[in-house]
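Annotated features, as they stand in TrEMBL:
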TRANSMEM  6-24  transmembrane segment
TRANSMEM  36-57  transmembrane segment
TRANSMEM  69-90  transmembrane segment
TRANSMEM  137-159  transmembrane segment
TRANSMEM  171-190  transmembrane segment
TRANSMEM  202-220  transmembrane segment
Amino acid sequence: MLLAMTFIHFVNCVALTFGPLFVFYRSHKLREPQSLLYSGLFYLISQFAKLFLLATFVPSLTEDGSFHLVQELMIAYITVADLVCLYIFLNNRHIRGNVRSQLLYVALGWTAAESLLERLGPLWIGARNIEFQWTYLLLAVGGTISVFYFYAIASFMWLWTRKDLPPTLSFIVMGSTTVYCLLPVLFKYSDMVLNIGALEVVLFRAAVVFPLFFASKMLVRAYEKTKKRQ
């Protein structure tokens, strides 16, 4: 009976992780699962590229549990690999559909790949423990937040691929991508230095991600209005 309950808890966490992705996919009437696979593949490429760069340029990662700003900034610069992969992916039109469909494919594909790599393993090991912990439910909720997170950065990179992007929007996009690279430092600082709880970390991440998401939608809308006037 106890094993069944722990397995049900694991299933609930997995459903909370991947269920919203399926809902987003179906509710927006996306019809190209191949585009999701391409998107997820590019996420894997970006992660392998970052691992290679980390091993090459940041060889002496400390494991004493303390926060080292210089080291974290070096890791943040390596996050540029995500932007490069997104730029190549969007610029070469590996996915079909209008702008919003393309951005959704990227957001869903990257979130699914991220959850498979970073969430499924911890959920399988931890969510099946006898002792119930909210940590794994919050980990699953983080997957939903990642959809908006990747949608925002995909929007910024899609705008960056536009050759007719107005200078004002170009400056804002550049600033937004810089913020994206620095976000991991901010999240890690809040976790290690401020020592806030898991719930506070999720709320803090949501408080940062959702404004970025709405800002990205406003920028895309502003660009489309500029195109119509021309």
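Positions of Cβ are set from backbone N, Cα and C atoms, glycine also.
The list of residues near the transmembrane segment (171-190) in space but at least 6 beyond its ends in sequence, with Cβ under 8 angstroms from a Cβ of it, reads 67, 69, 72-73, 75-77, 79-80, 82-83, 152-153, 156-157, 159-160, 165, 196, 200-201, 204-205, 208, 212, 215-216, 219. Listed by sequence, the residues of this chain that lie at least six past the ends of the transmembrane segment (36-57) yet keep a Cβ under 8 A from its Cβ atoms are 25, 30, 74-75, 78-79, 81-82, 84-86, 88-89, 94-95, 105-106, 108-110, 112-114, 117. Nonlocal intrachain contacts for the transmembrane segment (202-220), taken as residues 6+ away from its ends with a CB within less than 8 angstroms of a stretch CB, comprise 99, 103, 138, 141-142, 145, 148-149, 151-153, 155-156, 158-159, 169, 172-173, 176, 179-180, 183, 186-187, 190, 196.
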